[in-house]
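Engineer: One structure, as structure tokens, below. Some questions next.
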Amino acid sequence: MHLVRWLICLIQLWVQLGAAGSVTLLDPLLIEIPNGKLRGRDNGHYYSYEAIPYAEPPTGELRFEVPKPYKQQWTNTFDATQPPVLCMQWNQFINGTNKLLGVEDCLTVSVYRPKNSSRNNFPVVANLHGGAFMFGGPSQYGHENIMREGSVILVTIGYRLGPLGFVSTGDADLSGNFGLKDQRLALLWIKQNIASFGGEPENILVVGHSAGGASVHLQMLREDFSKLAKAAISFSGNALDPWVIQQGLRGRAFELGRIVGCGQASDSGTLKKCLKSKPAIEIVSAVRSFLVFSYVPFTPFGPAIESPDAPEAFITQHPIDIIKSGKFSQVPWAVTYTTEDGGYNAALLLEKQASSGRELIVDLNDRWFDWAPYLLFYRDSMTTIKDMDDYSRKLRQEYLGDRRFSVESYWDVQRMFTDLLFKNSVTVSVDLHRKYGKSPVYAFVYDNPSEVGVGQILSGRNDVYFGTVHGDDVFLIFNVSFVPANRRPDEEIISRNFIKMLEYFALSTDDTMAYGDCVFQNNVGSKHMQLLSITRDGCENKQLNCFI
């Protein structure tokens with residue numbers, strides 16, 4: 001009799017735990033969410049549940065529309081053992097003339113949960129991948145490093161890219177920002193479902209690198225973001241970078257229509273209807289027509305300021321105006337850069353041309369006034385050619401003086417790219433948030449060059465010193481294929497410190513943030529910029545006199 005009662009109590013306990021959303025005790029690979037049951041994969045030291053749809057496929061009549069939550073009910077167990085596919089894209093890092101990758105039906109999330117841990121539940125890191133809003137994918141930022149530490153659940157997100165994600169005519173008919181709206185729906189899915197995987201919905205940290213970092217910032221500028229996440233980190237990208245908020249998108253939208261055979265469209269509604277009828281491959285392949293040379297500009301299609309009457313508009317004001325209004329989510333935020341972030345995309349200037357055998361940077365001596373507005377993203381922000389030429393001349397004089405563009409002067413060209421595309425906006429965004437926000441604002445700079453990074457990949461060269469370029473920090477958190485697996489001892493330490501930093505920030509009960517032995521200093525209420533410097537030798541808090 002006592003045995004029967006004990007068994008009944010045990011069964012009731014299992015039922016209660018299952019109802020509470022915990023991972024099934026009898027089979028941790030079998031997870032139940034509102035759509036039904038799904039089965040993941042055992043990877044030794046972690047479990048993975050990949051390519052779970054969070055939105056209806058954005059195809060057919062749902063192309064160029066606000067994403068719709070995935071409602072299908074599974075009659076059989078969903079197979080979550082296959083890696084996510086890439087959203088269709090024209091990828092910069094593919095050699096050759098055909099850079100097309102991916103498919104249109106791609107709106108999925110993937111969940112990675114540590115195994116063999118003393119914890120039953122984990123804080124959550126949701127990652128928005130980078131790629132200039134044009135390319136990349138959730139699998140681009142590998143999960144092995146984070147899973148090795150066994151301290152957080154990682155969720156990666158696929159979202160629409162390039163023209164499929166960001167074409168816009170600036171009005172309600174074709175408003176744009178579909179990729180950002182995808183991200184937001186995915187974050188809502190995480191909030192509602194992560195407990196079923198052993199995640200803590202009250203401890204969600206949203207992070208992103210480059211365009212992912214800018215996406216994090218843009219998500220944070222919505223007042224309802226605080227309902228989806230506890231804190232946020234933008235690595236080497238924020239909403240104030242000049243390549244983020246696009247101008248001239250209406251003209252590009254109609255030019256896209258002309259390229260794919262919608263040239264007869266005279267209004268946004270007609271253009272949208274025509275574009276919906278065209279093969280996605282044709283639309284994405286048209287990206288090549290918007291590149292001046294190589295992959296420049298690297299973001300021909302990106303976030304837009306939408307019309308207030310657009311359906312479910314994402315942002316209707318410039319980020320600066322949103323911050324000044326104070327109407328954004330008050331969650332702790334960290335923003336970062338690397339000392340030579342401009343190695344992307346300055347490094348491609350060192351690539352030797354097959355026709356002449358000389359580097360592209362040499363051609364800048366004759367093409368600077370033509371190319372600079374595209375390289376540094378002021379082509380659409382200035383009204384006259386004279387304004388552009390005057391600014392181009394000023395930049396060249398400030399960074400090069402009377403020297404010519406050459407391999408020998410590359411370092412100063414890269415410094416220009418770092419300042420204008422990444423570093424300067426960190427200072428401005430921190431300054432604005434400390435003035436008009438209430439929640440903590442943190443910043444750090446990373447200075448520790450990797451052996452192989454974006455500089456070497458884009459230039460195809462190992463004979464040039466690039467410094468600490470774009471991604472050298474984040475690629476110690478999320479492993480990528482082109483970074484050597486045999487990292488230096490200092491990089492192993494930094495990798496662990498970074499991952500612990502994410503865990504600390506997600507779990508923090510007082511909104512503080514720490515890296516190793518260094519506690520970040522809050523910029524809110526400070527007269528000087530508080531910046532944590534991270535190097536191979538450790539970390540140090542610094543004060544910079546750079547606020548206005």
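Numbers here mean position along the shown chain, with the first residue as 1.
From the backbone N, Cα and C atoms, a Cβ is placed for every residue, glycine too.
As listed in Swiss-Prot for this protein:
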type     : residues      : note
ACT_SITE : Ser210        : active site, acyl-ester intermediate
DISULFID : Cys87-Cys106  : disulfide bond
DISULFID : Cys262-Cys274 : disulfide bond
DISULFID : Cys518-Cys539 : disulfide bond
CARBOHYD : Asn95         : N-linked glycosylation site
CARBOHYD : Asn116        : N-linked glycosylation site
CARBOHYD : Asn479        : N-linked glycosylation site
SIGNAL   : 1-21          : signal peptide
Engineer: Which of the three DSSP-derived classes (helix, strand, coil) applies to Ser210 (active site, acyl-ester intermediate)?
Structural biologist: coil
Engineer: Name the residues of the same chain, 6+ apart in sequence, whose Cβ is under 8 Å from the Cβ of Cys262 (disulfide bond)?
Structural biologist: Leu256, Thr270, Leu271, Cys274, Leu275, Lys278
Engineer: Given a 10 Å Cβ-Cβ cut-off, pick out the one of the disulfide-bonded residues Cys106, Cys539 that has the most other Cβ atoms nearby.
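Structural biologist: When each Cβ's neighbours within 10 Å are tallied, Cys106 tops the list.
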Engineer: I'd like the Cβ neighbour count for Cys274 (disulfide bond), meaning other Cβ atoms within 10 Å of its Cβ, all protein chains included.
Structural biologist: 16
Engineer: Select the most exposed residue of Cys87, Cys518, where exposure means the fewest other Cβ atoms within 10 Å, treating these as the disulfide-bonded residues.
Structural biologist: Cys518
Engineer: Please state whether DSSP places Asn116 (N-linked glycosylation site) in a helix, a strand or coil.
Structural biologist: coil
Engineer: If you count, for each of the recorded positions Asn95, Ser210, the other Cβ atoms lying within 10 Å of its Cβ, which residue has the minimum?
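Structural biologist: Among the recorded positions Asn95, Ser210, the lowest count of other Cβ atoms within 10 Å belongs to Asn95.
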Engineer: Quick one: of Asn116, Asn479, which of the glycosylation sites has the smallest count of other CB atoms within 10 A?
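Structural biologist: Output over glycosylation sites Asn116, Asn479: least Cβ neighbours within 10 Å is Asn116.
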Engineer: Between the Cα atoms of Asn116 (N-linked glycosylation site) and Cys106 (disulfide bond), what distance do you get, rounded to the nearest Å?
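Structural biologist: It is 31 Å, counting Cα to Cα.
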Engineer: Please classify the secondary structure at Cys539 (disulfide bond) using three-state DSSP.
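Structural biologist: The residue in question, Cys539 (disulfide bond), is strand (DSSP, three-state).
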Engineer: Roughly how many Å lie between the Cα atoms of Cys106 (disulfide bond) and Ser210 (active site, acyl-ester intermediate), rounded to a whole value?
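Structural biologist: Computed Cα spacing between Cys106 (disulfide bond) and Ser210 (active site, acyl-ester intermediate) is 21 Å.
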Engineer: Need the DSSP three-state call for Asn95 (N-linked glycosylation site) to compare against my parser.
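Structural biologist: It is coil.
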Engineer: Between Cys518 (disulfide bond) and Asn479 (N-linked glycosylation site), find the distance joining the two CA atoms and give it rounded to the nearest Å.
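Structural biologist: Asn479 (N-linked glycosylation site) has its Cα 24 Å from the Cα of Cys518 (disulfide bond).
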Engineer: List only the single closest residue to the residue listed as 'active site, acyl-ester intermediate', chosen from the recorded positions Cys87, Asn95, Asn479, Cys539 by CA-CA distance.
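Structural biologist: Checked the recorded positions Cys87, Asn95, Asn479, Cys539; minimum Cα distance to the residue listed as 'active site, acyl-ester intermediate' goes to Asn479.
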